[in-house]
Amino acid sequence: MPNITKTLGQHMLVDARVLGKIIDAARISKNETVLEAGTGRGILTAELCKVARHVVSYEVDRKLYQQAQERLQFQNLELANADLFKTTGLRFDVFVSNLPYSRSRDAFEWLAVQKFNRAIVMVQEEFADKLAARPGSKNYRAISALAAHCFAIERLFSVGRQSFQPQPKVESVVIRIVPTNTVTKETIKNLNLLFSKRNKKASTVAAKARVKVDFGSKRVDQLAPGDLIRVAESISNVCSI
Ligand SMILES: C[S@@+](CC[C@H](N)C(=O)[O-])C[C@H]1O[C@@H](n2cnc3c(N)ncnc32)[C@H](O)[C@@H]1O
């Protein structure tokens, strides 16, 4: 495949069986608007157009966007050439994406501030493990706490590297996301800042940000998602941590 940009996660889906499973899992109805991140060569976009009322698909790569404009002829399709995760003000019911893996965290932080009904997303297996990580475990990150607070996540099925062209070095998994809470960008920023002190005593880190809480001897990375979000929401001056 010509002109593949690895930093943009351009591993295109070429497996019709996996494509069918994603479309089935999304259960899109004719009155729903679907937002797709990463049009790529349009394999998923075309199928989405057949089942949805309206499809909006973002592609950051100008060449892929132009090719998609020529190839994809659907009345209900709107293509955009922009970085989706820097875009605001979109309205959609369902988010579907074979995510560019280098932007997975951005994608989840972006989804955490959106209003939508559900998402079907392909992510790298290691990233799915981080999303599901529990407090105190090695994999527990700011994104784990954010995901636990904002989404109910269900692992649907695994996808082998042979389902892509070119093949990635990692295995993938398709997950279903149902939003449970939204947060502000400020809270996400504060949460990331708290986690930059993951090995420090949580009460001390919070006190430095003028948030008075008592978590005993627990470290930041031992706090439950709800506690972390509560502290992150209470911080007004991030520079003080
Ligand atoms: C893993 S590929 C998936 C392409 C196609 N949907 C498929 O399933 O084969 C990810 C696509 O996302 C695009 N992309 C990367 N970052 C993006 C961003 N911030 N906004 C929109 N598209 C992006 C890449 O250029 C690439 O085409």
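We count from 1, first residue shown onward.
Even glycines carry a Cβ here, placed using N, Cα and C.
What TrEMBL says about this protein:
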BINDING   HIS11, LEU13, GLY38, GLU59, ASP83, ASN98  S-adenosyl-L-methionine binding site
DOMAIN    18-181  domain 'Ribosomal RNA adenine methylase transferase N-terminal'
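Taken over all pairs of the listed S-adenosyl-L-methionine-binding residues (HIS11, LEU13, GLY38, GLU59, ASP83, ASN98), the Cα spread reaches a maximum of 20 Å, rounded to the nearest whole number. For GLU59 (S-adenosyl-L-methionine binding site), the Cβ neighbour count at a 10 Å cut-off comes to 27, with all displayed protein chains included.
In the three-state DSSP classification, ASP83 (S-adenosyl-L-methionine binding site) falls within coil. When the binding-site residues HIS11, ASP83 are scored by other C-beta atoms within 10 Å, HIS11 scores highest. Counting only same-chain residues at least 6 apart in sequence, those with a Cβ under 8 Å from the Cβ of ASN98 (S-adenosyl-L-methionine binding site) are LEU13, ILE22, GLY38, GLY40, LEU44, MET122. Other C-beta atoms found within 10 angstroms of the C-beta of LEU13 (S-adenosyl-L-methionine binding site) number 19, with every protein chain shown included. In the shown protein chains, 24 other C-beta atoms lie within 10 A of the C-beta of GLY38 (S-adenosyl-L-methionine binding site).
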